[in-house]
Amino acid sequence: MTDTDAAPGPLDLADPGTDPFAVAEAAAAVIRERTGVDSHDVALVLGSGWGQTGDLIGETLTEIDNTDVPGFGKAAVAGHSGTMRSVAIGDTGRRALVYGTRTHFYEGRGVRSVVHGVRTAAALGCRTVVLTNGCGGLREEWPPGTPVLIRDHINLTAHSPIEGANFVDLTDVYTPRLRDLAREVDADLDEGVYVQFRGPHYETPAEVQMAKVMGGDLVGMSTSLEAIAARQSGMDVLGISLVTNPAAGISKTPLNHEEVLEAGKAAAERCGRLLAAVVAKI
Ligand code: 8IG
């Protein structure tokens, strides 16, 4: 078992001399070997509150510790699992690669680590990535436990996963066709603009108001950097946020991580059914 994050070398994402796409290829090779299949079709990233939903997609055929795969580290957030699973999508014969956790920008491992799962999925042949997260909601009509489709994002990290003069078009980052497909499953789904802050602290009420006047509906600490990397790799993106708490200042009570996990548990069934049905249709 090698923790490649710790060992400087040709597969160290932190080394500027390393090609991050070569590390993604190396990760894909390990996943091919462990799963016994050449390619996967869809990748899913399960964020806060989404941990249990992967089980409804289908049977887990292989579970791999992240630490066994080049470029992946340990889970840093309570309630996230540090494994990835190869799941049969119902009886379609297609496979989903389900990441039980993600690397957040605020962990300080660099943007390459944040998007490594997405790039590995692309190297495995996935044409679609489903990015889920738990987030704060800015709209009163979205109580905790409400899933919302991401229509667009505002990236406030001041970083990009793209290196060099490579001008990736972001007009339709979140593939309209996939949002339509999600609404075929659940016609009540609303759409919103996701604002990615760096974190790891939650926003001040003034920052939440700033996000609102900018056109934001959801505030979180993930997803937009991964979505950009997915578009660079030519993948279609479906983003779904689970509103786990009203953003700071939107409600009277302060935020805590337990509240977030509770809202996730309560919404798990609706979200699980939604994900399973959407993935079966992709
Ligand atoms: I769960 O209110 C969750 N993640 N930035 N703000 C930000 N991230 C979050 C929040 C929130 N809730």
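Any Cβ shown, glycine's included, is placed from N, Cα and C.
All annotation found in TrEMBL is predicted automatically rather than curated by experts.
Taken verbatim from TrEMBL:
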BINDING   Ser48, His80, Arg102, Thr103, His104, Gly134, Ser222  phosphate binding site
BINDING   Glu203, Asn245  purine D-ribonucleoside binding site
DOMAIN    42-280  domain 'Nucleoside phosphorylase'
Which of the binding-site residues Ser48, His104, Ser222 have a Cβ less than 6 Å from any atom of ligand 1? Ser48
Would you identify which of the binding-site residues His104, Gly134 has the most other C-beta atoms lying within 10 angstroms of its C-beta? Gly134
Report, in whole Å, the straight Cα-to-Cα distance of Glu203 (purine D-ribonucleoside binding site) from Ser222 (phosphate binding site). 14
If you draw a 10 Å sphere on the Cβ of Ser48 (phosphate binding site), how many other Cβ atoms land inside? 26
Tell me the Cβ contacts of Glu203 (purine D-ribonucleoside binding site) under 8 Å, same chain only and six or more apart in sequence, or just say none. Gly136, Phe197, Ala211, Val219, Ala247, Ala248
Between Arg102, Asn245, which of the binding-site residues has its C-beta surrounded by the fewest other C-beta atoms within 10 Å? Asn245
Around Ser222 (phosphate binding site), how many other C-beta atoms are within 10 angstroms of its C-beta? 28
How big is the Cα-to-Cα gap, in Å, between Ser48 (phosphate binding site) and Asn245 (purine D-ribonucleoside binding site)? 11
